[in-house]
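To keep things clear, I will list the structure first and then write my remarks on it.
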Amino acid sequence: MAVNEDQEMELEALRSIYEGDDCFKELNPVTFQYRVGDHGDSKAFLIEVSWPETYPEMAPVINMNAFFNNSISSAVKQNITAKLQEQVEANLGTAMMYTLFEYAKDNKEQLMENHQPINNAVTSSGTDNATMTSNAASSVKKRNKKEQLTKAQKRKIAERTDHRGELPRGWNWVDVIK
């Protein structure tokens, strides 16, 4: 039971340290996510760490396959995982989550030095692009086209509203006393 006590103590410490921090997220009591960098930063990445049952004695499972990391190449992900595994080996047997997250935060530039953003868009041939561009232009024209009203409809709207297009005060009031 000492192992579970160690996990509970570390879990309590992580909750108190990262309370109110948007970068830290507890998925469940043994799985955590930590975002290194801001949302708009192209070199930001997300680390997901899971504890095995005998966590402080066994290494946690580090996962970089979150949707947030789709723009990062697999080589860079493997590099980050390898460097984090080195930190895990150095801290094996002790509570290491805070150490891992702070290492990743402090060495973000070094971990992401070979990062080239991946564009997930599918490219097509020139003739297809021209067709797609003309289709997109025609759909924009259709969106910009306003609904056509007849003169009678316009007159009825103008009679109901004032010069600003608003209904007069009390237009839907009901006379309670007759």
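Glycine is treated like the rest: Cβ placed from N, Cα and C.
Automatic prediction, not curation, is the source of TrEMBL annotations.
These features come from TrEMBL:
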type	residues	note
COMPBIAS	120-138	compositional bias 'Polar residues'
DOMAIN	9-111	domain 'RWD'
REGION	120-163	region 'Disordered'
- Mean pLDDT, the domain 'RWD' (9-111)? 86
- Can you tell me how the residues of the domain 'RWD' (9-111) break down into helix, strand and coil by DSSP? 43 helix, 20 strand, 40 coil
